[in-house]
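Report on the following structure.
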There are 4 protein chains.
Amino acid sequence: MESCGIFGALMLNGENAVPYVIEGLIALQHRGQESAGIAYVEKEELKVYKKMGMVTEVFGNGVMKKFKSFNAIGHVRYSTRGRSDIQNSQPFHVRFRNEHFAIAHNGQIENAEDLRNYFEKTGTIFLTETDTEIILHMLIKKLNKRISKWTLEDIAQIIFENIFPSYSLLILFKDRMIAVRDKKGYRPLFYYVSKEGYFVSSEDSAFNFLNAASEKVYEINPGEAIEFSVHGVKKYRVPDTEKMFCFFEHIYFARPDSNIFGKNVHFVRKKLGELCARENPVDADIVVPVLDSGFSAAIGYSKESKIPIEMGLMRNRYVGRTFISPDQREREIGVKRKLPPIPEVIKGKKIVLVDDSIVRGTTMKKIVKMLKDSGAKEVHVRIASPKVINTCRWGVDIPDKRELIAANFSLDEMVKEIEADSIGYVSLKSIKSFLMSEYDNYCFNCFIENIKRVNTR
Amino acid sequence: MESCGIFGALMLNGENAVPYVIEGLIALQHRGQESAGIAYVEKEELKVYKKMGMVTEVFGNGVMKKFKSFNAIGHVRYSTRGRSDIQNSQPFHVRFRNEHFAIAHNGQIENAEDLRNYFEKTGTIFLTETDTEIILHMLIKKLNKRISKWTLEDIAQIIFENIFPSYSLLILFKDRMIAVRDKKGYRPLFYYVSKEGYFVSSEDSAFNFLNAASEKVYEINPGEAIEFSVHGVKKYRVPDTEKMFCFFEHIYFARPDSNIFGKNVHFVRKKLGELCARENPVDADIVVPVLDSGFSAAIGYSKESKIPIEMGLMRNRYVGRTFISPDQREREIGVKRKLPPIPEVIKGKKIVLVDDSIVRGTTMKKIVKMLKDSGAKEVHVRIASPKVINTCRWGVDIPDKRELIAANFSLDEMVKEIEADSIGYVSLKSIKSFLMSEYDNYCFNCFIENIKRVNTR
Amino acid sequence: MESCGIFGALMLNGENAVPYVIEGLIALQHRGQESAGIAYVEKEELKVYKKMGMVTEVFGNGVMKKFKSFNAIGHVRYSTRGRSDIQNSQPFHVRFRNEHFAIAHNGQIENAEDLRNYFEKTGTIFLTETDTEIILHMLIKKLNKRISKWTLEDIAQIIFENIFPSYSLLILFKDRMIAVRDKKGYRPLFYYVSKEGYFVSSEDSAFNFLNAASEKVYEINPGEAIEFSVHGVKKYRVPDTEKMFCFFEHIYFARPDSNIFGKNVHFVRKKLGELCARENPVDADIVVPVLDSGFSAAIGYSKESKIPIEMGLMRNRYVGRTFISPDQREREIGVKRKLPPIPEVIKGKKIVLVDDSIVRGTTMKKIVKMLKDSGAKEVHVRIASPKVINTCRWGVDIPDKRELIAANFSLDEMVKEIEADSIGYVSLKSIKSFLMSEYDNYCFNCFIENIKRVNTR
Amino acid sequence: MESCGIFGALMLNGENAVPYVIEGLIALQHRGQESAGIAYVEKEELKVYKKMGMVTEVFGNGVMKKFKSFNAIGHVRYSTRGRSDIQNSQPFHVRFRNEHFAIAHNGQIENAEDLRNYFEKTGTIFLTETDTEIILHMLIKKLNKRISKWTLEDIAQIIFENIFPSYSLLILFKDRMIAVRDKKGYRPLFYYVSKEGYFVSSEDSAFNFLNAASEKVYEINPGEAIEFSVHGVKKYRVPDTEKMFCFFEHIYFARPDSNIFGKNVHFVRKKLGELCARENPVDADIVVPVLDSGFSAAIGYSKESKIPIEMGLMRNRYVGRTFISPDQREREIGVKRKLPPIPEVIKGKKIVLVDDSIVRGTTMKKIVKMLKDSGAKEVHVRIASPKVINTCRWGVDIPDKRELIAANFSLDEMVKEIEADSIGYVSLKSIKSFLMSEYDNYCFNCFIENIKRVNTR
């Protein structure tokens, strides 16, 4: 499962864990809006409830009341490449020799195809199209004992040795919950300890509703597996290796109020905006953010450049599918509905247009045209990240190289292509100067010219 | 999957098979109201769409328009023992080495637990709680070649040799569809050949909407597997063995207008009513059927006994859950809502109450009380089948022996228990005299005192 | 509002009336499946909740829990002539000088157009397309005082003097509930008195769920208005005039287990079947009812003729819209899906086909053809009512004379038209001999050649 | 109907107007999220379709396809004081002497109670609880001719003479559409003329999807009524009187990219932010907007004060009802979910917190506490409007004076009450200096100490 969100709760105070998990999933909704599901324990038996749709739709109409469990895990899913289907939605649930466990996964397993082929050679079949299912098979094949006898060490060793990153996992058993973060640490994973219970989440901001004091919130270490039960917390950890924190989590994926890989997301984005301004100064009247994604970076750009932020584009909350048929309108109106321009602000202005990243460039081209149509004198595109020139095999939904504008065009060609007056990015060098020694803990693979990365555990 | 319905279509005239499959499933809705689903082919790839609910709910709101395929299979599900869950609903869909197949199953595999244990020992995991999943694993484990190379013979041999009845199956590949009926022939299975295409169904009455001429409708033989494709029809058949047609299909499960195991269902039920009258004559004023299930038998009872049929109980179509809370009403009102008595008919009358079968006896007890409360002078219960004294391991939802009234009480005790004036059943002897030589082709296991049946293929 | 169902409850024991009203509406669902609604009192204020759909849909999903009221009225609607719209669904709710009342209506006001024109001349506007709205205007215009001062007499006099039948009404005030039945008594109306509260219903069978003892169930008299409140029951009654009980309620509309106009509905239908057999004997093998509507009459026909009832047509419960497009099937399959024939029963038989009535004759023609296609030797149509040759202005949905088969064809022509072997009806004379002195209490207008009826109150 | 949105279309090119109206309503969704509806013409007859819910919900599932009409009007509703009910949702639809018209209203009629009483005295009844219904009655009572004979002058005169502002109206007839804006001009109203057709909208930004050139978009004048038909545009206008543009439309209600009363909304809000900074300077580190409503003003405050904008609070798009029960959490978490603080930004900072207005002050108090809890050193609340000290009788949902914090506390007391370090507003004097001569065209009633306004037409 690629970019998704996971949340788990194991209560110590007799409360029902399910509402907590659902509330946590709502807080992680930005990580996946396609399907939502939970695994929980009912009368000693593991059950799963999942459905296509947003969290509030899936659990609305009082459906939640049916689920009572002292421990539970949940998942919100963002699917890529159209395989949007209930059978691929999570958590997955396995019965083996009359015992059960369930799993929820955020990430993308690098050696999935190899493992799948390996298993298929032995006659193993796959009922889903997800890489997550591989973990289920791996655990069962390697552990020749009853599920209830599996120890934290058993599970952690098998996963760390056989499953290549990226994965942040939650595994639910009827009496415990195990959180696992891969050795590279691609995807974030946090836990919070209170007297009410134990909580695990993809992002720490999802503990907000618990009024969690920040000192009781811990980032699970890369290569660490933690077991939560009524008997307390048990940890297992493999020796440190090279880290690979996904920098795209900072650029785009995580919530601005989350603190991942030791840094506040908004702070990083703002800093990237500053770096962008330093590397790509321009004489302009206003800084216009592409809301909401470009807001943090625009604050940084504005701060560094002293050019004031302005609302050249508003962000319309009430958009959905259009009811106008394509042949009723010559031009598509999608961008105009979502980001309506404010001509009063734009007219006659030299504009710095700030966004977090460019992938294909098609939306950016429409925005630039819209601004020009609204009277902008100049539009200078400033991107608060490096050029995206490679796809990602660790869980970020980036299309094939052939579709990436920066992989196929020079800067000058891009300027022409999107009909802007200039384009500026942030260099990796600049990011290195900002992150300093931490630079080496990150994965910048999608920005790097020649990747020589080999598959590694 | 226990008592369910399956339907498949492979079109030869360029039409979309999906609406035909959905229409077929509607005609089989009486076999399962819990979930509905189809497998179909989209751009060379197999897909599945399934959801909890009735067929018209699952495929309403124009959702059907999304599915276009020249071949498709469908399934309606009736789940027993509360395992009502989307992950157990069918068809199942497997990807193996980049090829796909899908399966829909009606029946219950006798050696499921053995096979499951066997597979689990080799580390195979199960993502569903159904016995159907075993067939998927069996095929994959035993056939060491690409799915597209699997021949009809390959598939049929593996299934017939390894999977113990009962099963009527539909297997969909991207270019063909295979129907398999187990050697014993427990569950019915039919196909219809027209110039428009090939159609397969659990019951022949589901071909009605095609205006199928009866001479082009064929019952698939026990131990037969048939492959349908644009290249025509290919058959594979194992030598004849002992048959085990499920007599409960005739008693209760199938539609009256279906013709299964070579006999019209209504005709058999009516005949059972006649036999019941012959074995259990009684001096009474009217024959009252428990609608709809007891109607056919009541016609037979009335015919044989010359006692006229009367509508002592009507059948209310508009019932659903009650909105009155349990504590608002002393007695439960379920039976009274579904089968309201007509006191005008009942008052002062000696009544023969005819139903198709008794399992636990709780509903029958309520009906008898209701009739007495409405003024019935006598109520003589007549059941158009033998006493149900064993559970079923081949797909009929009969509870454990301890819950079966006839397995725990003598006739006299039953009369007392349900507070009727008498009870009468049909004896197996009587059924034998009716079926004659065909008697040996049926499974009467749920009616037989000492079963010595051993697991056999 | 034409043929609809109404139900009211005023609790004396502190319970919530709403679940009772909903349960009552479910029992009256056969009278209208298009919309459902209730009026209730919340914090001294009248409120209405109504929606398109069946009762269980409208009040499902826990929506019912929102409504708490010691008194409430409800309505299920069957709309004719396509004016199916939420703004026409009932109950209606009026605020006048800061006071409220609500109304639910079953029937059709004969002088609606006159009254509407009259009111419109004075500048009154109508926000709905229903005749019911006229009653609201009438009460307000005629009663020059606060709603809370309106007495039972006030209301009854105004309605009885100004509104021409037909109407059975429920009027809800915040502290009381009034039931009104028109002087002619066209539509039935009942109440039930228990220590729990007062209940009013279109049909007495809707009190079943209350376990109402029949001696405490009363038919409200024509020309009677009854007020229910915590202070007890108050009655108002106008002198007896000519009755006009709608005979179509007996023929088709009411539930077989209801007892209206002093007679059990099933009993009347069965009797009509007997009369039909006496008037139209025929040499045949089996009596086949058109289920469910023709079942009672078929029992009567069979009894009188000694020809046994058979299930030549089953009744399929699981039908909805078809998913096959019209161009995919040459012939329409609607009748075949709803009433599948059982050829085993039909083949080579001389059949008496019994139904309650014929209106346009189009469905009957399809059924006859279907029986012949299934091998019937002869099909003799027997209708357990007189020929329908006039439309109805008092609430039964009968189309214009030009569309009524019996108004435009002789018996011989009808036989040809529907391709049967013979047709037989019940004569009014025969009905008179059965009803005797009660005959004059009924409206047979839709069956009578030359109506001279003038508008009367 | 209070603060709502209306949109109409009359096509000249043979297209269906309905999708245009729906698209327009989506663009006006911020003006009302409770119900949505349209009136349209089908076969010469006016029809209405309306439902509780957001526009995309109401018209989703292909329901829109049913409606075809060359002219149509629509309405989105925001209801106050809990009268959320389908019977109060718009448009309303009236049949009078077999002719129809429909109406959609944005505003609140000042003399509604008087007119209602007046009409009730003559026996007129009201089926809804809206003031809009009064307009229907007024037109019918005053115009003694067939609806099709009503001229623009007839309608305009009656409305302008009898109905006291505020109202922006759309009236639909089968062959034309009339837009009316009250003499004071409280609520905005626009039309757009293209060769495709005529379009009317509460805000001009709703014409965006039409790619409307701004020079073809016109604000309808106060006291103007315009009739649109295939014959072109007809206007009626009463002599100019005192204007009363609602200043709250600028402060809060309208979209930032709309241009109402001759001014861009974002520009006005930003200006108010500047004025606020000038009147209430403070030594601080960052300007934090309460997103989204306070963003424009914060830009202005930042510009004037030179204090940089920062994202101290993010705006979470994915909030709905919480699944945590009140007793599971001590403190309510609503504000924290919707506006999660970013402690990294806040910690140790002196903050200027900018919002558009304060009504009760309860939310502001929670935000201030949240900021302090997150480490803010000082929190200075700056409101980009004057103190709200009166309720509104012209359509803005402001509660009773007793609930308004600024009406009950001095500035110092307010600072204490919401536990901020200071509070600052914009004075009316300051607004006057900005608006200059236009100042007198606005209604500032909710800000003024002693209102002497008398009811006027």
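Sequential numbering from 1, following the chain as shown.
Using N, Cα and C of the backbone, Cβ positions are placed for all residues, glycine too.
What TrEMBL records for the Mg(2+) site is D:ASP355, D:ASP356, and among D:SER293, D:SER296, D:SER422 the residue it adds there is D:SER293.
Just one of D:CYS4, D:CYS246 is listed by TrEMBL for the same [4Fe-4S] cluster site as D:CYS392, D:CYS443, D:CYS446, and that one is D:CYS246.
Secondary structure at D:CYS446 ([4Fe-4S] cluster binding site), taken from DSSP and collapsed to helix, strand or coil, is helix.
Those residues of the chain, other than D:CYS246, D:CYS392, D:CYS443, D:CYS446, with a C-beta within 8 angstroms of the mean position of the [4Fe-4S] cluster site C-beta atoms are D:TYR186, D:MET244, D:PHE247, D:PHE248, D:TRP394, D:GLY395, D:VAL396, D:ILE398, D:PHE444, D:ASN445. If you measure from the Cα atom of D:CYS4 (active site, nucleophile) to that of D:CYS246 ([4Fe-4S] cluster binding site), you get 14 Å. The record gives D:SER293, D:ASP355, D:ASP356 for Mg(2+). Within 8 Å of the mean position of their Cβ atoms, the other Cβ atoms in that chain belong to D:ILE251, D:TYR252, D:PRO289, D:VAL290, D:GLY294, D:ALA297, D:VAL354, D:SER357, D:ILE383, D:ALA384. Checking each of the binding-site residues D:SER293, D:ASP355, D:ASP356 against D:CYS392 ([4Fe-4S] cluster binding site) by C-alpha distance, the shortest gap belongs to D:ASP356. The Cβ neighbour count for D:CYS246 ([4Fe-4S] cluster binding site), using a 10 Å radius over every protein chain in view, is 29. D:CYS446 ([4Fe-4S] cluster binding site) is 19 Å away from D:SER293 (Mg(2+) binding site) when you measure Cα to Cα. Between the alpha carbons (Cα) of D:CYS246 ([4Fe-4S] cluster binding site) and D:ASP356 (Mg(2+) binding site) lies a span of roughly 15 Å. The Cβ of D:CYS392 has fewer other Cβ atoms within 10 Å than any other of the binding-site residues D:CYS392, D:CYS443, D:CYS446. In this structure, the CA atom of D:ASP355 (Mg(2+) binding site) is 17 Å away from the CA atom of D:CYS446 ([4Fe-4S] cluster binding site). Around the Cβ of D:CYS4 (active site, nucleophile), 27 further Cβ atoms fall within 10 Å across all displayed protein chains. For D:CYS443 ([4Fe-4S] cluster binding site) paired with D:ASP356 (Mg(2+) binding site), the C-alpha to C-alpha distance reads 17 Å. Taking Cβ-Cβ distances under 8 Å and a sequence gap of 6 or more within the same chain, the neighbours of D:ASP356 (Mg(2+) binding site) are D:ILE251, D:TYR252, D:ARG269, D:VAL290, D:SER293, D:GLY294, D:SER296, D:ALA297, D:ILE383, D:ALA384, D:SER385.
Confidence for the domain 'Glutamine amidotransferase type-2' (D:4-231), expressed as mean pLDDT, is 91.
Of the listed binding-site residues, namely D:SER293, D:ASP355, the sparsest Cβ surroundings within 10 Å are found at D:SER293.
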